[in-house]
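Trainee: Please read through the structure below; I'll follow up with questions.
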């Protein structure tokens, strides 16, 4: 037998299934192409053992950067390490594009600010870059959501989102509020 | 005939599987209690993470592998109606797997391998953990060889005939597992073992995660296919009808085999070491592999409807009530499909590329896979055990009523436990924490859900204990019967050659795997990577 015998009902259901899947994938394609909505996928390597000697992730270079990027976004540099994201407290303005650049100094970590789309894995040997905009001012926890050792439960830091009118650019990188 | 050999082999495999299952449920119960924070004397991250690692390894590796091997031996011998090929090899594979489990169990239980079942380098476990896990996989390859040889021998002896559906699916699963396990085997042999033995100092975590992702998605189809075999081959008969479409069933298995493999990067959506284009490619495949599951849902429900109408059910929904709800296989299928619908919905959210950021690594994820794996898949494993135990032991099932209570309990417990997890995930609770330590008002919104979790866990543990008890009583005290049961349904339709073998599909898989994993793996040898050293935990 060469030709498949497919029941009429099956044919209909197959069409419905394909249409449904096509709709889901289509929605993702449209947002990815027109809005540039992608998961954090910044393939950039770094030596996790010598972050303290690097231009970017040395202790005095961390935190909210004083000079905005060319497109007006603010850059935030964080080091993830057992058991916190350093600096432990940062302040960022609401409604502005924030570019987080993060690197691990030891093992795997994950950063997530609940109720927002700020989320990324932090893999030793790689720089994670993730962009988010926080519309609402308030205090947000940044939680480690990847098992990183027996102290994992305690790994979190504080992100304070400040209303735009109260926001002051920090004078130097690495300065903690 | 060597029926007795096959029965013995199947029982030996099944007892390891379900023993691991019962034990793992106790670990699970401890975890919901510990995590709730209501019992301060139980609080211990060291015990919790050792428990999570053991629970994961027992459920995902031990229960599944041994069940699938036992079910495969049974299916091959019964549906092909020929003796098992090379029983000594089967026992050797069993032995390798058991030694592997024992080797891995020692460091796990001593808290020397609290790296979770996904390994997580650069956190390093005791070398025996990696060695044991590797042996378990190697032992399972013995099974794959036996299944594929029996499949080929049958086809050689009966040219032009269609391989019975259960064996077609089992051979597809053996092939799938060979492809699937290659990823983790490469990680283990070239990265984890040399590193844990001290032969190398560092490990490329990006490469390790990529290789593990290769295995991590199709492994769930390795677990799922036996459940689908039961849905296609046992359920329609048990309900008093027949399979709606043999061709569509074969198509679904082939689609799972081909599309299930090249899509592992949806586990790496949030990872920095792979580019957006590759993740996008794997995302499209991830959605495509929903098709065979949608087909399965249709075919199984259509088969049930035909059975229900034959039994006198009328009207749009009347056939549902007319189904034999008191048959464990039918009840399991209904509950299993219900959980598949709920879990499948969550899966679509997880698969959705950037939207996954909202739920990634939150409690939503264990909520999702407990519905699909512990719900859909395990429920069918339980039903298969209830069906096969009587014929394996030559005794009647100890109590059908208790079996029904057990299945309902498993369903109700799973729904009560996973619903709060989904909500907690949306509220941002991370999945792998042993206690809530954050000093944030957000955590107040999490509190009400802890009690529901404990209630669900308790029902599940009771249900699991009842299951193991029923198997034990059936084997030791069940009424003796001369069990000559019906083989799984095999409607020998003339299926086209491409639905009766895997030569074409195997080549297609090779092409798809090279396309979707070729450069993403190669890049680690082209990039200047910096591999970290080992860390404890």
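Counting starts with 1 at the first residue shown.
Yeah, the Cβs are placed from backbone N, Cα and C, and that goes for glycine too.
Predicted, not measured: the structure shown is a model, and the values here were computed from it.
Annotated transmembrane segment per TrEMBL: B:12-33, B:45-68, B:89-110, B:130-151, B:163-186, B:211-235, B:247-268, B:329-349, B:369-389, B:401-423, B:451-472, B:508-527 (among others), in sequence order. According to TrEMBL, the domain 'Cytochrome oxidase subunit I profile' annotation covers B:33-474.
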Trainee: Does the transmembrane segment (B:89-110) come close to the transmembrane segment (B:369-389), meaning at least 3 CB pairs under 8 Å for residues 6 or more apart?
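Mentor: In this chain the transmembrane segment (B:369-389) does not contact the transmembrane segment (B:89-110) - fewer than 3 Cβ pairs sit under 8 Å.
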Trainee: May I ask for the residues of the chain that lie six or more residues beyond the transmembrane segment (B:12-33) and have a Cβ under 8 Å from a Cβ within it?
Mentor: 39, 42, 47-48, 51-52, 54-55, 58-59, 62-67, 69-70, 73, 94, 97-98, 101, 378, 381, 385, 388, 392, 417, 453-454, 456-458, 460-461, 464-465, 467-468, 471
Trainee: Looking at the domain 'Cytochrome oxidase subunit I profile' (B:33-474) alone, can you tell me the average pLDDT?
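Mentor: Its mean pLDDT is 95.
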Trainee: Between the stretches B:45-68, B:89-110, B:163-186, which wins on the count of C-beta pairs under 8 angstroms to the transmembrane segment (B:130-151)?
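Mentor: Comparing B:45-68, B:89-110, B:163-186: B:89-110 has the most Cβ pairs near the transmembrane segment (B:130-151).
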Trainee: Pairs 6 or more apart in sequence, C-beta under 8 angstroms, 3 or more of them: is that satisfied by the transmembrane segment (B:211-235) and the transmembrane segment (B:401-423)?
Mentor: no
Trainee: So which of B:45-68, B:401-423, B:451-472 is most in touch with the transmembrane segment (B:329-349), counting Cβ pairs under 8 Å?
Mentor: B:401-423
Trainee: So which of B:89-110, B:163-186, B:401-423, B:451-472 is most in touch with the transmembrane segment (B:45-68), counting Cβ pairs under 8 Å?
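Mentor: The stretch I would name here is B:89-110.
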